[in-house]
Amino acid sequence: MLTAGSSQLIISLFQLSLLFSPISAGVGRFEVGQKEKCEKIQHELCNDLPYNTTSFPNLVGEDSWKLAAESISTYKPLLSVVCSEQLKFFLCSVYFPMCNEKLLHPIGPCRPLCLSVKDKCMPVLESFGFSWPDPIRCDKFPLENNNDIMCMKGPNEQGAIQRAPVEEESEENEKKDLDMGKTNSELRGREQCEPEHVYINRTGICVPICATGHGIPQSERNAASTVLFVLSTTCFSFTVISVLIVIFRGTSLSALPEAALLWTSLSFSASSVVYLFSLLYREQISCTDYTHHLLFVVGNMPHVPCSSVAALLYYFGLAGRFWWFVMCCTWNQHTQRAATMEKNRVQVHLLVWGCPLAIVMFALMAKSASADPLTGICYVGGASRVMDGLFNLVRELILLTACSVPLLLGCFGLMGAVQSDVNTIVGLVGALYPITSLFYMLSFANDVVQPTMYWTKTWNIVSAIKFSVDLILGVVVSSCCFLHVLSTIVRSNRPPMNKDGYQPAVPKIPQPAIPGSVRSNTYASTFRAPNLM
């Protein structure tokens, strides 16, 4: 979707690009018969092409790489819109055509490539009142390779490069393959890749192209995105309302259990913001530009945006769980453990915020971050099942045990405890984490029983729990925090009972009991009195 800023850039920069039309309209580099010397491509936009040498004048008549760089830079707004996956290769092949010293002519794009790009990007230009730029009009390029001229087919509509005859028959390319050390196993790996996958020499795996969908129906991907959006928005809304009430109403949450409840909600709320940001910029985060391909980020593929998002999600999720552990330890303030943590609040904050940072650094060093095919969100542990079990399953096992033990000990400590020292609401919230964690760990058990489900990543209840567990915990704790703040306000605003007009009750004075023997003798003497006379 175009913003006002990008629209203005497209208008201004394409006006500049059209200035080149009179200069190059009549220039046809395909008809030039003079052979030029090959030189290395020096422009950053085109330095990752399948070829690395070019010659000047180029196909629009520019005789230096500086002029070519200035011309191609005017198309950057159109490139940022990503109207076509083929646009970058097409522009580079025009302004920096392939040079081979054994050939007389430079090798530019074929006409079908130009027409494909034009069909995709022309609506964008027409929306601003522009026509197709004359320097790159499609009738200048040959239809296909022939005996007189060669051209490059370029990538297909998904961004996968298509092999041209010049690449298959050129001895120069074969020599390059040998110089790059491509072994027979690597070549077999390329052949084994599916049509919409690209073989990566460094990792030896086939990586899907970003626009393929990974075999998952679009309806399922939309459903997953909707769930993430609703949960993220709900968690963030409850937390913001709770914080605003605490700030403007002056609600006191001075006790450590109540403060831990608020910090837990804030941690998962920060995680929800990262989720919303990832949904908004999903393509830029989960896809990376590898040479001339736009590939989906998988394990061992360095991509800073994906690694950053995965690290933030894991950090805030782990910090929220640590604050949940603090709630479980302090809900019964009658225990010695709660008193110790209350006394050392600063140390508690340092541990809760510092320990997750160290774990996140270890996860990044292990290269465990990868994008999820179903949601497009980058997670720690997504690189492999081993990483998933190490950083997610083991985490839940440890924290489940750590939270359950103080909860049970706190229940035993209720015997003889003062009621005012027990925060029942915080205790109930603390008990919700072990329950949610159990369901999350059951999803790992399901992956063991049905391993194919783990790799297909289809939309089902198991996958929904796995990718949204942090948001589920966030909604639970943020809603409970909101209800706790409201209940605190209601209790603080409740007026004291007015006792005006009430009379104190008459005290009951105990009367001494009359002995039974005395009562019987008196009655008997009274009854027998007439007979004595």
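Quick reminder: no glycine exception, Cβ is built from N, Cα and C everywhere.
What TrEMBL says about a protein is an automatic prediction, not a curated fact.
Residues or ranges marked as signal peptide by TrEMBL: 1-25.
The disulfide bond feature in TrEMBL is assigned to Cys38-Cys99 (among others). In the three-state DSSP reading, Cys38 (disulfide bond) counts as coil.
Per TrEMBL, disulfide bond is recorded for Cys46-Cys92 (among others). Long-range neighbours of Cys92 (disulfide bond) (same chain, six or more residues apart, CB within less than 8 Å of its CB): His43, Leu45, Cys46, Leu49, Ile72. Under DSSP, Cys92 (disulfide bond) is assigned to a helix (H, G or I) in the three-state scheme.
Residues near Cys121 (disulfide bond) in space but far in sequence (CB under 8 A, at least 6 apart, same chain), listed by position: Leu78, Cys83, Ser84, Leu87. Marked as disulfide bond by TrEMBL: Cys83-Cys121 (among others).
Take the CB of Cys151 (disulfide bond) and look out to 10 A: across all protein chains shown you find 27 other CB atoms. Annotation source TrEMBL lists disulfide bond at Cys110-Cys151 (among others).
Sequence annotations record features per position, and here TrEMBL assigns disulfide bond to Cys114-Cys138 (among others). In the three-state DSSP reading, Cys114 (disulfide bond) counts as helix.
The annotation domain 'G-protein coupled receptors family 2 profile 2' is assigned in TrEMBL to 223-381.
The transmembrane segment annotation in TrEMBL covers 227-248 (among others). Sequence-distant neighbours of the transmembrane segment (227-248) (same chain, 6+ residues past either end, Cβ-Cβ under 8 Å): 262, 265-266, 268-269, 272-273, 275-276, 279, 375, 377, 464, 467-468, 471-472, 474-475, 478-479, 481-482, 485-486, 489.
Taken from TrEMBL, the feature transmembrane segment applies to 260-281 (among others). Outside the transmembrane segment (260-281), and at least 6 residues removed from its termini, the chain residues within Cβ reach (under 8 Å) are 225, 228-229, 231-233, 235-236, 238-240, 242-243, 246, 253, 305, 309, 312-313, 316-317, 319-320, 323-324, 326-327, 330, 352, 376-378, 426, 429, 470-471, 473-474, 477-478, 480-481, 484.
The list of residues near the transmembrane segment (301-326) in space but at least 6 beyond its ends in sequence, with Cβ under 8 angstroms from a Cβ of it, reads 200, 203, 207, 256, 260, 263-264, 267-268, 270-271, 274-275, 277-278, 281, 284-286, 288, 290, 295, 341, 348, 351-353, 355-357, 359-360, 363-364, 368-371, 377-380, 382, 391, 395, 399, 402-403, 406, 430, 433, 470, 473-474, 477. Marked as transmembrane segment by TrEMBL: 301-326 (among others).
If you look up TrEMBL, you'll see 346-366 (among others) marked as transmembrane segment.
Per TrEMBL, the feature transmembrane segment maps to 397-418 (among others). Tertiary neighbourhood of the transmembrane segment (397-418): same-chain residues 321, 324-325, 328-329, 331-332, 334-335, 337, 427, 430-431, 433-434, 437-438, 441, selected by CB-CB distance under 8 Å and a gap of 6+ residues from either end.
Proximity of distant same-chain residues to the transmembrane segment (425-445), defined by a Cβ-Cβ separation under 8 Å and at least 6 residues beyond the stretch ends, is recorded for 257-258, 260-261, 321, 324, 327-328, 330-332, 388-389, 392-393, 396-397, 399-400, 403-404, 407, 410, 462-463, 465-466, 469, 472-473, 476-477, 480, 483-484, 487. TrEMBL lists 425-445 (among others) with the feature transmembrane segment.
As annotated by TrEMBL, transmembrane segment applies to 465-490 (among others).
Beyond its flanks by at least six residues, the transmembrane segment (346-366) meets 256, 263, 307, 310-311, 314-315, 318-319, 322-323, 326, 380-381, 387, 390-391 of its own chain at Cβ-Cβ distances under 8 Å.
A distance of 11 Å separates the Cα atom of Cys99 (disulfide bond) from that of Cys151 (disulfide bond). Annotation for the disulfide-bonded residues Cys38, Cys46, Cys99, Cys110, Cys114: lowest Cβ count within 10 Å of the residue's own Cβ, Cys38. Cys138 (disulfide bond): 17 other CB atoms within 10 A of its CB, across all protein chains.
The Cβ of Cys83 (disulfide bond) has 17 neighbouring Cβ atoms from other residues within 10 Å, across all protein chains displayed. Rounded to a whole number, the C-alpha distance linking Cys114 (disulfide bond) with Cys38 (disulfide bond) is 24 angstrom.
In terms of Cα distance, the disulfide-bonded residues that sit within 10 Å of Cys138 (disulfide bond) are Cys110, chosen from Cys38, Cys110, Cys151.
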